Amino acid sequence: GSGGLAGARRAAELGARVALVEPRRFGGTCVSPWSWGADGAPTGGGRETRTGTFIHDHADYGFQTPSVKFNWRTIKEKRDAYVRRLNEIYENNLKKAHIDIIRGYGKFTADPQPTIEVDGKKYTAPHILIATGGRPAIPPDSEIPGASLGITSDGFFDLEELPRRSVIVGAGYIAVEIAGILSTLGSKSALLIRQDAVVLRTFDSLISSNCTQELENIGVDVWKHTKVKTVTKTPCGLLDVTVTSSVPGHKPTEGVIRDVDCLLWAVGREPNTEDLCLDLVGVQVDDKGHVVVDEYQNSTRRGIYAVGDVCGRALLTPVAIAAGRKLAHRLFEGKQDSRLDYHNIPTVVFSHPPIGTVGLTEDEAVAMHGKENVKIYNTSFTPLYYAVTQRKVKCVMKLVCAGKEEKVVGLHMQGVGCDEMLQGFAVAIKMGATKADLDNTVAIHPTSAEELVTLR
Amino acid sequence: GKNEYDLLVIGGGSGGLACAKEAAQFGRKVAVLDYVDPSPQGTKWGLGGTCVNVGCIPKKLMHQAALLGNALKDAQHYGWNISQPVHHTWSVMAQAVQNYVKSLNWGHRVQLQDKKVKYFHMKGSFSDPHTIRGLTKAGKETIVTAENIVIATGGRPKYPTHIAGALEYGITSDDLFWLKESPGKTLPVYCPFILHLSGLIVCISLTDTSPDVSLECAGFLTGIGLDTTVMMRSIPLRGFDQQMASLVTEHMESYGTKFLKRCFPTKVEKLESNRLQVTWKNTDLGTEEGDSFDTVMWAVGRAPDTETLNLETVGVKTNSETGKIIVDASEATSVPHIYAVGDITEGRPELTPTAIAAGKLLARRLFGQSSELMDYDNVPTTVFTPLEYGCVGLSEEAAVQRYGSDNIEVYHAYYKPLEFTVAERDATQCYMKMVCLREREQRILGLHFIGPNAGEVIQGFALGIKCGATYRQLMKTVGIHPTCAEEITKLHITKRSGLDATVTGC
């Protein structure tokens with residue numbers, strides 16, 4: 001995947017002899033249509049629904065559009081073809097770099113030196129990198145009867161048709177993105193949040209509340225404090241999902257969502273480590289199965305490293321790539337200090353509209369610096385795009401500053417364009433930009449981004 | 001006697017209003033004069049200045065309309081069944097845009113009231129350094145005196161009056177945004193049954209001083225389905241990085257805008273059908289050519305609006321070539337207590353945000369005990385052509401000139417926005433480059449980006465560059481995936497290396 005390929009290629013560029021073990025297609029989670037982009041990027045999915053939402057605005061801008069219908073098959077075929085092309089490109093890149101490709105599932109052996117076995121053949125190297133990523137979790141049927149009747153994000157792209165009625169279970173960004181896509185493309189969708197009243201619980205409170213509201217605005221039926229009790233298949237082949245809602249201060253109630261075409265579990269991801277025989281080589285894992293690594297991606301066994309989703313920290317493609325490359329420079333170029341800084345990593349959620357976030361949430365900043373040392377700047381506005389449309393979607397932004405010099409420690413926003421807006425600000429925040437620096441930057445007009453440099 | 005006002009601002013545009021409102025915050029007695037002379041074609045508008053009425057705002061909205069037109073074509077590839085071709089109705093868009101602009105006019109009136117700034121709908125001129133004579137449309141006169149006066153009257157589009165028929169038959173951006181009917185439709189006079197629905201328009205740019213206006217307009221006119229031609233005498237986007245400028249125009253050409261390069265018009269005549277016959281000289285071939293169009297739009301530069309101000313009476317010095325008011329770093333003119341901000345000032349960028357910032361800082365220096373001057377370095381900007389171009393800092397040519405090509409390093413990349421893939425869109429001109437100093441830290445001198453949402457992409461990087469960002473620091477920033485903006489953090493191929501700069505994938 002992202003981490004493994006990047007690490008392998010960079011090592012080869014630096015003169016190392018490299019072999020890569022991979023049982024499936026090249027590219028990993030990020031690219032594969034058979035799984036979900038852990039960074040929250042449904043390859044192409046976000047764009048097709050963005051087109052969908054904008055179609056409603058065309059009439060306001062003067063275009064005569066008769067009724068518009070969506071065809072799931074068209075995008076599925078194109079998307080699959082594009083992904084296959086990417087798979088080929090990745091394979092070619094490996095061959096061009098003279099990296100040996102070993103096809104199959106690898107696992108560690110009991111040999112004294114760290115050794116990998118693939119289909120009966122053994123391979124050894126002074127440096128072994130684990131980059132096996134993760135997979136979506138699904139509750140066992142013993143816990144929730146009928147859970148296996150649902151699919152995960154892995155199955156999402158296998159769907160041949162747009163589901164008429166969808167139920168998405170989860171409140172993280174994968175659940176949010178999938179619910180947004182399905183609803184906008186025309187599937188009657190419900191989202192079940194087990195514990196809370198908001199999605200994206202670990203994000204800044206502005207984002208969690210705003211995103212939850214925006215999901216409701218686009219027509220997703222958001223069920224709060226609700227968990228799935230059982231799932232049964234009806235005679236006509238659809239699903240009935242029985243749920244219990246436990247609103248705090250009230251008695252729990254039970255309900256049934258009937259005739260569901262698609263039940264999708266988006267309740268977390270698990271690392272792919274159980275079949276690696278890590279115990280044979282003394283590589284420690286945490287209670288969820290993630291490989292325990294230090295800041296330099298070293299595992300608890302000398303000569304064995306891990307990067308990417310399998311480590312369980314900052315599950316993002318660019319993070320895996322950067323960590324993989326930094327490791328290659330450390331091992332093969334003698335750059336002893338080469339490692340990735342995991343602070344201030346920017347990330348985007350492709351909700352409707354998209355979310356951009358980097359740094360500390362307001363609560364984290366207050367906990368770290370004390371309330372008196374934290375200053376918050378907020379704004380909420382309707383982007384110019386909506387000046388002539390009936391439909392209006394606001395943009396919200398929050399800047400979290402700490403200390404006397406008002407250093408920017410966090411930036412959180414949701415609105416049209418926030419996905420492309422964030423990158424440049426992330427650079428500046430990493431450099432230690434202050435509120436005064438933002439104020440001293442001239443605005444670009446008319447954009448939404450300019451609101452960040454004109455905050456009062 | 002005592003002056004009536006602490007501050008009088010002549011001109012209710014971006015700079016003027018910002019200055020007036022900021023001064024009012026300090027509890028000062030402030031007044032604003034605003035007046036719009038109708039264009040030669042008779043177009044006029046309300047309070048807010050160029051940006052609100054005939055600039056940034058209507059332009060961006062119409063640019064957005066054109067982008068939506070493209071999106072409709074892309075939508076097919078994404079599985080949306082829409083019967084093509086889709087038609088665009090100018091009057092629906094124009095009315096929506098014009099109504100929005102009018103709401104902004106109203107908003108500005110209300111804001112001035114709320115902040116207790118006195119508003120005069122009058123044309124002002126100097127009687128003496130502290131006295132302004134205001135004239136209403138009806139000719140009623142009012143005398144206003146002020147301790148400090150700020151001139152913020154901006155500019156208006158120029159007409160090439162030496163070309164026969166130019167003034168009589170051509171329009172400018174002043175008129176384009178207020179047209180009720182499509183510029184591609186000639187009003188039928190002799191032939192009432194003929195309606196040109198996809199008509200022909202010409203945008204002409206002679207001296208390239210506001211070439212971005214002509215390119216932006218030509219871009220969205222093409223995008224909404226009108227047959228559009230740009231005629232230019234020399235280079236596009238003069239003053240901008242020329243490699244980026246040619247990529248922008250290349251993209252427009254591949255999307256259907258016609259270009260008549262190295263041509264200049266010699267006359268414009270009206271035909272019996274009411275269409276316009278334009279004759280021009282092709283300097284490459286040395287020949288004379290002609291064709292007929294529904295609308296001719298001039299975008300040959302903007303002239304400062306100083307003629308009727310009576311500046312000579314009070315001794316405010318202007319640049320003899322441009323006519324713009326000469327100011328120092330504190331926006332002061334040659335006359336004490338008279339200042340100028342915005343498009344009217346010599347040597348400043350013609351941009352709304354710089355006018356606003358300069359106006360605010362001026363008010364703070366006059367009334368708020370501040371000494372902070374406006375910093376005009378590293379001002380970011382975006383050209384809203386169909387494929388947008390955002391930039392901040394030096395062009396490659398300017399950097400080479402200032403530091404020498406041996407002392408700079410240019411990182412560049414051709415990339416493909418993910419959304420173009422499924423839509424099968426040509427991404428040949430999606431390109432970015434970063435001009436850095438070559439020495440160790442490699443401080444970033446300029447950043448140039450062509451692609452969708454360029455304005456949104458560049459803003460944050462402008463902040464970084466303001467903070468002195470270096471190439472190294474940029475590379476330390478983790479990319480956001482998948483976006484176009486992340487490609488900037490992945491730049492690593494230099495022009496010097498001669499290697500292929502096409503992005504290959506993770």
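Every residue gets a Cβ built from N, Cα and C, even glycine.
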* **Listed in TrEMBL for the NAD(+) site shared with A:Gly170, A:Ala171, A:Gly172, A:Tyr173, A:Ile174, A:Ala175, A:Val176, A:Glu177, one of A:Gly104, A:Gly249, A:Gly255, A:Gly268** => A:Gly268
* Do the recorded positions A:Gly170, A:Gly172, A:Val176, A:Asp309, A:His445 include any whose Cβ comes within less than 8 Å of a Cβ in chain B, and which? -> A:His445
* Asked: Which residue counts does DSSP give the domain 'Pyridine nucleotide-disulphide oxidoreductase dimerisation' (A:345-455) for helix, strand and coil?
  -> 39 helix, 33 strand, 39 coil
* **Assigned conformation of A:Val176 (NAD(+) binding site) - DSSP reduced to three states** => helix
* To do: Among A:Gly170, A:Ala171, A:Gly172, A:Tyr173, A:Ile174, A:Ala175, A:Val176, A:Glu177, A:Gly268, the annotated NAD(+) contacts, find the widest CA pair distance and round it to a whole Å.
  => 14
* Structure fact -> The answer, for which of the binding-site residues A:Gly106, A:Gly268 has its Cβ ringed by the most other Cβ atoms inside 10 Å, is A:Gly106
* From recorded positions A:Gly106, A:Asp309, A:His445, the one whose Cα lies nearest A:Gly268 (NAD(+) binding site) -> A:Asp309
* Structure fact -> For A:Val176 (NAD(+) binding site), the nonlocal same-chain Cβ neighbours (under 8 Å, six or more residues apart) come out as A:Leu191, A:Val199, A:Leu200, A:Cys211, A:Leu215, A:Val349, A:Ser351
* **A:His445 (active site, proton acceptor) and A:Gly170 (NAD(+) binding site), Cα-Cα, nearest whole angstrom** => 39
